[in-house]
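Lifted from Swiss-Prot, the feature list:
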DOMAIN    113-164  domain 'SANT'
COMPBIAS  318-340  compositional bias 'Basic and acidic residues'
DOMAIN    363-461  domain 'SWIRM'
DOMAIN    568-700  domain 'MPN'
BINDING   His647, His649, Asp660  Zn(2+) binding site
MOTIF     647-660  motif 'JAMM motif'
Amino acid sequence: MEAEEADVDVEGDVAAAAQPGNDESTASVFQDHYLDSTWRRENGCLPWTLDSTISDENRAIIEKMLLEEEYYLSNKSLPGKFWVNQKEDNKKYTNSLQKSSKAMVDSPAKPASHSVKWTVEEKELFEQGLAKFGRRWTKIATLLKSRTVLQVKSYARQYFKNKVKWDVEKETPTQKSSSDLQVKNKDDRTKAWAAACLRGSADPCLNAVKIEKLSDDEDVDITDELDELTSQTSQNSGSHLTLDVPNSKMYTTNQGELCQEGPLAKSSGESLQNVKQGEGEACSSSEIASWAEKQKSTDKNSAELNEKYNKVVEEHTLHRGEVREEAKHSPSPEPCERQDSSGNEMLLPPCQIEEENHEGEELKPPEQEVEIDRNVIQEEEKQAIPEFFEGRQTKTPERYLKIRNYILDQWEICKPKYLNKTSVRPGLKNCGDVNCIGRIHTYLELIGAINFGCEQAVYNRPQPLDKVRAADRKDAEAAYQLAWRLQSMRTRRRRVRDPWGNWCDAKDLEGQTFEHLSVEEMARRKEEEKCKPIKFSKASKLPKSSLDPFQLIPCNFFSEEKQEPFQVKVAAEALLIMNLHAHVSMAEVIGLLGGRYSEADKVLEVCAAEPCNSLSTGLQCEMDPVSQTQASETLALRGYSVIGWYHSHPAFDPNPSLRDIDTQAKYQSYFSRGGAKFIGMIVSPYNRSNPLPYSQITCLVISEEVSPDGTYRLPYKFEVQQMLEEPQWELVFEKTRWIIEKYRLSNSSVPMDRIFRRDSDLTCLQKLLECLRKTLSKVANCFIAEEFLTQIENLFLSNYKSKEENGLAEEDSTKELFM
């Protein structure tokens with residue numbers, strides 16, 4: 001940490017005594033250590049000070065230049081600003097020879113040219129706030145009113161560093177000796193001289209105050225601590241550090257200065273300043289030698305002085321090891337008393353005490369589930385989640401009730417399954433940030449209101465083994481400490497976005513891909529499977545690797561024994577877009593379904609379909625993540641929620657494959673945690689086993705039932721009802737243009753002017769129009785429907801790729817597909 005500290009001279013520029021004969025000159029503020037000796041004459045005057053033609057302005061500029069050079073050459077940081085003009089009508093020094101200097105980095109919220117000393121009332125209020133609120137600086141600043149949060153934080157830092165308890169000194173009197181750092185000087189005159197030397201000396205080593213590097217938004221307040229320490233030196237012996245020199249003698253130099261033999265003059269000033277920053281280091285021998293070297297230039301008896309100081313240096317070197325050993329036992333800033341196992345009191349640093357306070361007492365899992373009155377907010381809740389009860393406009397008690405009750409409702413729905421934070425967020429939009437929702441969720445879990453009896457519930461975080469355990473604290477308000485531990489209790493998990501753009505746990509999406517086999521690969525694989533049947537031993541279970549993920553599984557039908565969990569109604573607009581999208585590609589296409597779910601009526605309405613881009617590898621295809629996110633946002637802008645997905649089986653049955661079942665089951669589980677529903681729809685436009693020109697559509701969900709061989713969960717098919725609302729014609733035209741532009745140049749595009757099967761006279765385009773006509777027959781006037789179909793036909797004829805442009809290769813592949 002020492003490398004991060006900087007010595008800031010807060011007195012050197014104004015604290016020097018005036019040169020003889022130049023009391024009024026501004027040059028008198030500079031001491032020998034600021035200028036090289038070659039620039040001085042024998043009488044101590046600077047050459048440029050003798051020139052009376054230099055104006056005051058130029059003289060001030062020269063002084064500033066020399067001061068800057070000294071700071072740069074000595075590797076010191078320049079002050080924020082320093083006054084060089086001595087005109088009383090313009091500027092005045094903020095520090096004088098009779099007052100110790102003060103430095104303050106002001107907060108932007110409270111600008112001031114100088115720092116304001118803390119009053120007795122402010123200090124008393126600070127201590128009251130500290131006892132009441134602890135280390136919550138915002139609360140204490142609100143109590144003070146006259147101080148900002150940063151100023152309170154800065155004062156607290158100095159307050160804790162200079163706080164030394166009397167009872168600690170009383171209990172350890174036998175540990176004090178003449179070699180300790182905390183010793184008292186026997187001579188009152190010597191101590192008074194040391195305090196005066198602290199103020200009057202211009203030695204930068206004496207006037208250096210070590211300041212820890214802080215962030216840009218923190219105040220550094222060193223205004224009144226130094227004054228208090230020097231003024232209370234003779235009264236509060238526990239508030240400063242001095243070095244005891246038992247046989248110290250006083251001597252007078254030829255210039256009449258009162259000095260002390262030994263390192264007291266040096267160590268006294270440093271000790272008083274080191275108390276300010278909480279340091280207990282003894283002055284080194286190099287610092288004493290440096291001080292003697294500077295006295296040599298002004299003292300005629302330098303030989304005698306050096307001889308005496310060399311003796312002191314030797315003695316100091318001999319005892320330095322002992323002093324450092326004693327320094328290890330010196331009390332640290334803000335000592336906290338603690339008793340060890342033997343009953344002896346021990347001192348621990350404040351950072352350790354603070355960490356142990358945060359660990360707190362281990363919470364016990366609730367013994368029984370807690371029932372909470374939905375209309376009442378208990379006092380414990382206000383203590384644990386105080387942010388909703390502090391008068392904020394965005395966080396009100398009503399909003400807290402809404403969030404809490406919604407979480408409790410979701411727990412009742414999913415009980416006994418674990419209710420995580422992610423699953424409750426979709427139903428709490430515009431109710432605050434995810435962190436405050438998470439804190440309420442964790443609080444309810446800790447008290448046993450939700451997730452009671454679930455293995456995933458975490459009530460205590462693991463404690464490091466090498467931590468020093470604090471003694472058990474029996475506090476009446478221990479129950480209210482939950483609020484400080486809400487977010488730190490549970491181990492953080494990696495968060496990722498699901499295909500719909502929502503944040504979720506990474507484990508929720510493991511193994512989920514939208515992959516489907518092309519028609520050619522499906523036929524080839526089936527032939528291979530017939531030629532090479534797989535033989536399993538009777539005792540062995542079906543290996544997972546032997547399962548064909550593209551095997552189609554017929555759907556079961558709901559019955560009286562197993563009724564539909566809800567009804568499914570599909571709007572004409574969604575049917576039109578799904579048919580348009582599925583008819584133009586020999587490869588599978590994918591999209592999202594948007595709509596709404598009515599919990600009261602148990603009805604799921606599919607109001608819109610949003611086509612998405614798909615990525616194909618020849619054997620399988622999956623939805624483009626970017627396109628999925630855009631589609632989800634588009635549905636949200638229209639006021640719809642994502643309630644399902646659709647894809648096509650171009651030339652085979654609209655039954656789900658094993659991979660479709662796995663994907664649908666995972667998304668059902670994910671959306672059901674938040675109370676939402678999620679369905680899957682499969683469109684088969686060119687199924688060879690279907691003699692009719694209409695597409696086959698399957699709407700399904702995956703049940704909890706498992707197949708007889710235990711390899712997959714059983715899919716169930718809904719009886720879909722069509723809604724009687726007219727589609728938004730312009731929106732359908734817009735989607736049609738996008739589909740045509742997307743697939744007209746695609747290698748997998750279907751030639752719409754070709755006969756779609758041998759025993760039919762309809763082209764693919766005419767077949768598409770027949771499907772659309774059947775959909776519109778229930779919702780629109782026949783004239784409006786025919787006009788719409790005519791415009792769709794014109795769009796394909798004018799913009800879609802023709803058979804000749806496709807090439808012979810694609811024509812052959814099309815024949816193989818449809819014939």
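Placed from the backbone N, Cα and C atoms, the Cβ positions cover glycine too.
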Helix, strand and coil counts within the domain 'MPN' (568-700) (DSSP): 40 helix, 49 strand, 44 coil
Non-local residues, at least 6 beyond the ends, that sit with Cβ under 8 Å of the motif 'JAMM motif' (647-660): 513-517, 519, 522, 547-555, 581-582, 585-591, 680, 682-689, 696-698, 700, 711-712, 715, 817-818
For the domain 'MPN' (568-700), the mean pLDDT of the predicted model: 90
DSSP-derived helix, strand and coil totals, residue by residue, for the domain 'SANT' (113-164): 35 helix, 0 strand, 17 coil
